[in-house]
Amino acid sequence: MGSLANNIMVVGAVLAALVAGGSCGPPKVPPGPNITTNYNGKWLTARATWYGQPNGAGAPDNGGACGIKNVNLPPYSGMTACGNVPIFKDGKGCGSCYEVRCKEKPECSGNPVTVYITDMNYEPIAPYHFDLSGKAFGSLAKPGLNDKIRHCGIMDVEFRRVRCKYPAGQKIVFHIEKGCNPNYLAVLVKYVADDGDIVLMEIQDKLSAEWKPMKLSWGAIWRMDTAKALKGPFSIRLTSESGKKVIAKDVIPANWRPDAVYTSNVQFY
């Protein structure tokens, strides 16, 4: 009887542990507070992983949850990352820039590398989690140890938000998404300097002096749905996270078309 009682107690303890833990595997860590534009230079702690090809830009289509394509090419050049909830911020963190460094592993150089947020991750392994492209993760290493550091898998790192910098002359670019028409306009914004991310996009068409707010559709794509057909050219007014504004006057021409790219003559500098 004593043996049976002990067995019952053991089974009960196991069941209680399973209920308390919810599931097997590492415990889920709640996300930290949202990262803002407080450029105070303070380093915070995070965990870093990597995905995609060892020397690639992360996502297999060289894109990601921000909707930006060809992030393997300049000016992103594959130095990209998925941010977790307080970094990605449901798309409003798209385009923001961070310095990341590692110091604990012998392979770490200790020197910061700058990454652009172009994708998201929801893996609850730390309050702040960067899932870096293979190229960016390898760049944390001392010379010649890029492949070796990628074998670390998960790594403790330090990070801080920094102002985004682009090559001289790089202006803000708008991409009209496929499937758009005069009653539905979806616009991707990229190559935004300074804060890097946008909290408000407004549009002004030829028929009105009014600035109409667009809705954040997903990632870095903003949209306008209207019963009354829009008529170009369109001007776009952008507001960055720190409250700065720029106006791209008549950046989208009257004869605009879906899946077309239009380069403005403005930038946040």
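Glycine too: its Cβ is placed from the backbone N, Cα and C atoms.
A quick note: this is a predicted structure, and the numbers were derived from the prediction, not measured.
Recorded disulfide link (Swiss-Prot): Cys102 to Cys108, out of the candidates Cys94, Cys108.
When you check Swiss-Prot, the disulphide partner of Cys97 from the set Cys66, Cys152, Cys164 turns out to be Cys164. Counting every protein chain shown, 29 other Cβ atoms lie within 10 Å of the Cβ of Cys66 (disulfide bond).
Within the same chain, residues at least six positions away from Cys97 (disulfide bond) with a Cβ under 8 Å of its Cβ are Thr114, Val115, Tyr116, Ile117, Arg161, Val162, Arg163, Cys164, Lys165, Gly196. For the domain 'Expansin-like CBD' (183-264), the model's average pLDDT works out to 96. Within the set of disulfide-bonded residues (Cys94, Cys108), the lowest number of other Cβ atoms found within 10 Å of a Cβ is recorded at Cys108. With a cut-off of 8 Å between CB atoms and residues at least 6 apart in sequence, the same chain places Ala48, Cys108, Ser109, Gly110, Leu140, Ile149, Met155, Asp156, Val157, Glu158 near Cys102 (disulfide bond), listed in sequence order.
Between the alpha carbons (Cα) of Cys66 (disulfide bond) and Asn34 (N-linked glycosylation site) lies a span of roughly 17 Å.
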